[in-house]
Amino acid sequence: MAVVFPTLRARPPLPLASAVVVLLVGSLARGTGAQLSAGFYSASCPTVHSVVRQVMSQAVMNDTRSGAAILRLFFHDCFVNGCDASLLLDDTPATPGEKGAGPSAGPNAGGSTFGFDLIDTIKTQVESACPATVSCADILALAARDAVNLVRPSCFSALALCAAKLHVSNNARMET
């Protein structure tokens, strides 16, 4: 005669299950941060698109590699932790910036610094038109959009669709 033991199912404690649900919902909500849209700066800086486009047009006419350099910066900025322009930070006496660190360091670092000066030029032009209004992350996104459009115009619509859905870091300043 066989002995039959009752089947016991282990249940996770209710507080643990609740904590997991809260963490999952919180992580999903984080991805719905601010997003770049075509008309975001229409009231606060209506010339931003034309300023970025003008500087990028001149740069691509002078050297077509500048389009690829900007697209590469955009990718490396956005790939890891959202588009926060941290890649563009200069060194300070207290903190090393990402621009001068590791693979980005030095003028012969595989071309990785090729677009930094161009973004600095665009930022200077945008700041002169609209002081303290447009974020560096948005300038980099707009420059990447224009770079693709200028180098290969048929790709514009695909990048525009992606740019409208970009996740911007929670550390980015929102326009009020």
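Every residue, even glycine, has its Cβ placed from backbone N, Cα and C.
The following features are taken from TrEMBL:
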type	residues	note
ACT_SITE	HIS76	active site, proton acceptor
BINDING	ASP77, VAL80, GLY82, ASP84, SER86, GLU98	Ca(2+) binding site
DISULFID	CYS45-CYS130	disulfide bond
DISULFID	CYS78-CYS83	disulfide bond
DOMAIN	35-151	domain 'Plant heme peroxidase family profile'
SITE	ARG72	site 'Transition state stabilizer'
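Structure coloured by features recorded in TrEMBL.
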residue : record              : Cβ contacts under 8 Å, 6 or more apart
CYS45   : disulfide bond      : VAL126, ALA129, CYS130, THR133, VAL134
ASP77   : Ca(2+) binding site : CYS83, ASP84, ALA85, SER86, LEU87, LEU88, ALA137, LEU140
VAL80   : Ca(2+) binding site : none
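When Cβ atoms from all protein chains are considered, those within 10 Å of CYS130 (disulfide bond) total 16, not counting its own. For the pair formed by GLY82 (Ca(2+) binding site) and HIS76 (active site, proton acceptor), distance between Cα atoms is given as 10 Å, rounded to the nearest Å. GLU98 (Ca(2+) binding site) and CYS78 (disulfide bond) are 13 Å apart (CA-CA, integer value). In this structure, the C-alpha atom of ARG72 (site 'Transition state stabilizer') lies 15 angstrom from that of GLU98 (Ca(2+) binding site).
Distance between Cα atoms for the residue listed as 'active site, proton acceptor' and GLU98 (Ca(2+) binding site): 11 Å, as a whole number.
With the fewest other C-beta atoms within 10 Å around its C-beta, CYS78 stands out among the disulfide-bonded residues CYS78, CYS83. The recorded positions listed here are ARG72, HIS76; among them, ARG72 has the most other Cβ atoms within 10 Å of its own Cβ. CYS83 (disulfide bond) falls within a strand segment according to DSSP.
The local packing around GLU98 (Ca(2+) binding site), expressed as other Cβ atoms within 10 Å of its Cβ over all shown chains, amounts to 16. For the domain 'Plant heme peroxidase family profile' (35-151), the DSSP-based tally of helix, strand and coil residues reads 68 helix, 1 strand, 48 coil.
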